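> OK, TrEMBL features for this one:
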- 12-32: transmembrane segment (TRANSMEM)
- C104-C109: disulfide bond (DISULFID)
- R185, T187, W198, S225, H228, R258: FAD binding site (BINDING)
- C358-C361: disulfide bond (DISULFID)
- C358: active site, nucleophile (ACT_SITE)
- C361: active site (ACT_SITE)
Amino acid sequence: MMVEENKKKLEKSIWGWVAIGAVVVALAMGFLHTHNYKSCTCSQDSRKYTGIVEDCCCDYETVDSLNAAVLHPLLQELVTTPFFRYFKVKLWCDCPFWPDDGMCKLRDCSVCECPENEFPEPFKKHGLPFDDLKCQEGKPQAAVDRTLDSKAFRGWIEVDNPWTQDDETDNGEMTYVNLLLNPERYTGYTGPSARRIWDAVYSDNCKYAPGEICEEKKVLYKLISGLHTSISTHIAADYLLDETKNLWGRNLDLMYDRVLQFPDRVRNLYFTFLFVLRAVTKATDYLEQAEYDTGNPVEDLKTQSLMRQLVYNEKLRKACPVPFDEAKLWKGQSGPELKQQIQKQFRNISALIDCVGCEKCRLWGKLQVLGLGTALKILFSVDGQKHPMPPLQLQRNEVIALMNLLNRLSESLNFVREMSPNIEKSLERLVSDHSVSVISSWRKAVEAVVGIRSRSSTT
């Protein structure tokens, strides 16, 4: 009698452990299902963008289709023309905020300025690009062209931009840079110095309290965030994967870590793109009539033709006639004062670029901040709502920066669209492998418990 009772108790104990094991497995499966569901939801909601871009007048699908079919091809060709490939910049500047102690260690940080005797004679005489230009360090992709005189670009005035810190009229300390030979990509510039730049940009100039209704401050924050996202995207898209082999390619992990796992950053990238596009379309008459004279009639006519194709494109005008409505800003009595405040904040941001400890990063930072400042100048060139609109006046350098910035943003949208599917597949594979591993571990644990109790019942 006692033996039968003990046997029944043992069987109950065994089945109890089996039940516990089953519950544990079920919980594990539930956790994994939830984890997979969240990953799926994130994939659908975070990286698949639909509807109207916040605070803009176009939807994500239209932006993607217009960019792929119209804007990206035209911009890619436009920025390779002689007029738009050369950018005048002051590369060496003292940081007005702190000592510059963050110099980059990679050679890819530097912009190599080649001596005069390395330039071919035809290039000196005619101001034409020479694709085989060599630099003393053997880095043609970082060469600087200083042979183009400002007289080669006629019909442009020299005026300061109230939105930026740089004095563009100071030609003595400026040099011409061939942007095609100095691509924006990974340079190895990381660490405290790089973080300090962005921390200062956001904390001192782009912060606003949660729930704050000031639309203008939000616009400034989203513009800087979108620009930051674009820069991160270009770093991830053209990354030094193997320094020993000089192997460059796409860094999907970096793209996910810095961009794609943050939906707001991607949304702000779209916002900044539409904001700059609106500035270009608003300046249509000015850009269409401007002189793109570099002394090469064939190339100059091509430049003007490409610009007209861009600003008068029928697909763009029909699908997205007003990418951003700037008229809704600076309303009320405090509008002019608020505008001056944000203008000062943006000038501070442009001054912070002088603190970047990487020459090539500083080059692209100056160009893109000037481009964004030019967009702000075009859209908000009125001092108060009651004053008449003054005639638009742009420097040659401002137009070059504006169009190159739009091209950078266009490229970033393309990279996001192209790289997202590969990253999603990698994440799904990672979750799947993790699920199989966890289930296998729990199954072994349950089998071990059942096996121990089964052996106990036979003793």
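Any Cβ shown, glycine's included, is placed from N, Cα and C.
Buried or exposed, and what's around them? Tell me for each listed feature.
Secondary structure from DSSP puts S225 (FAD binding site) in a helix. Its Cβ taken as reference, S225 (FAD binding site) is surrounded by 21 other Cβ atoms within 10 Å in the chains shown.
Secondary structure from DSSP puts C358 (disulfide bond) in coil.
Cβ neighbour count for C358 (disulfide bond) (all protein chains, 10 Å cutoff from its Cβ): 25.
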> Near the Cβ of R185 (FAD binding site), how many other Cβ atoms are there if near means within 10 Å?
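Its Cβ has 17 other Cβ atoms within 10 Å.
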> T187, W198, H228, R258, C361: which of these recorded positions has the sparsest Cβ neighbourhood within 10 Å?
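With the recorded positions T187, W198, H228, R258, C361, fewest surrounding Cβ atoms within 10 Å: W198.
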